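Let me begin by presenting the structure, written as structure tokens, before commenting on it.
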Ligand code: NAD
Ligand code: IPM
Ligand code: MN
């Protein structure tokens, strides 16, 4: 059977703790199911900075580019607050996204039945929730130039970030959102701020034109992104697919995370364009959350977003749909059984550690 290469980048804080649980599942799938995953591991973020002074080395970058898929934990933490801006841990992740051309970031927010009481919102607002945020990931204010801080010499400084989008960038992310919608609820809501931003005007225009040209079977609506944030917490089930730029997508996906009970629940897939000849696409899979410095090293982090990110990897990079669904079902089964990590703990449930949750998910996966 063909070898499936996965490059693992555990990163910092809770990254290595949650990655270790998924690594054990990968070994299990190799040993018991002949999955033939070949893994290699590198450094990213603060741990890479400590080892060689940059947030990802060129050689690890090459390995990421060569792998069938990259699994990423999390980066960052107070230890690296004072490192040069270019070498800050987050720069490693941004370089991976840019150099691998991962323009399409899929962030599904699903409220598992057992967790409808864990959200800070009323159960009827979130139960059965299944929405997908499609975030543009290689453009916008994250990468636009100029991006500078200038000393004005009078005790003042001026900081500039630049929001830039070109037609093709909006067209291709809109295409992903419409394609995704066709395979689920057939609705897309595009969010921007055309009332104050030129890039919002173009965004709205291009999404509308793309819809008209190729996807008019999909229901399209538009919302100003601030109102969209409000609607996400007022009645999130009105949405199916939300498409937005890099910064709005970052913020709205953290908001959506809390609808599912915890930031520790939300996975993501970052995908490049399919290769014209082979159809293969570069891809990186990571939880939406960060390195959670406040709980790192305590063995209490929720590994579910990491497992669910691996489930997305099985689906999108390896077309292992049955295994992906089995893993998602294993997560639901474990939650149904009443065990919880601290972040999703509720009355009547049993609190368990990261490694106990990992073991429970692997056992449920094997049993399914
Ligand atoms: P965070 O996501 O790390 O943590 C926010 C809160 O959620 C914390 O209270 C944390 O304990 C909790 N949390 C997050 N994941 C959890 C999990 N799996 N289980 C249980 N609780 C969890 O965000 P932050 O504190 O704003 O950022 C910390 C660092 O992480 C920063 O350096 C930031 O830049 C970085 N960050 C990295 C990524 C990434 O690597 N993809 C994403 C977001 C933030
Ligand atoms: C995310 C994170 C990143 C982002 C940071 C760590 C660069 O918050 O993946 O959501 O802002 O995109
Ligand atoms: Mn974020």
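Cβ coordinates are placed from backbone N, Cα and C, and glycine is handled just like the others.
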Per TrEMBL, member of 135, 182, 184, 194 binding substrate alongside 97, 107, 226: 135
Nearest-integer angstrom distance between the alpha carbons (Cα) of residue 254 (Mg(2+) binding site) and residue 142 (site 'Important for catalysis'): 17
Binding-site residues listed as 77, 89, least Cβ neighbours within 10 Å: 77
Mean per-residue pLDDT computed across the domain 'Isopropylmalate dehydrogenase-like' (5-361): 97
Recorded positions close to ligand 1 - of 107, 193, 254, only those whose C-beta is under 6 Å away: none
Residue pair residue 81 (NAD(+) binding site), residue 193 (site 'Important for catalysis') - Cα distance, angstrom, rounded: 32
Densest Cβ neighbourhood among 292, 296, 300 (binding-site residues), 10 Å radius: 292
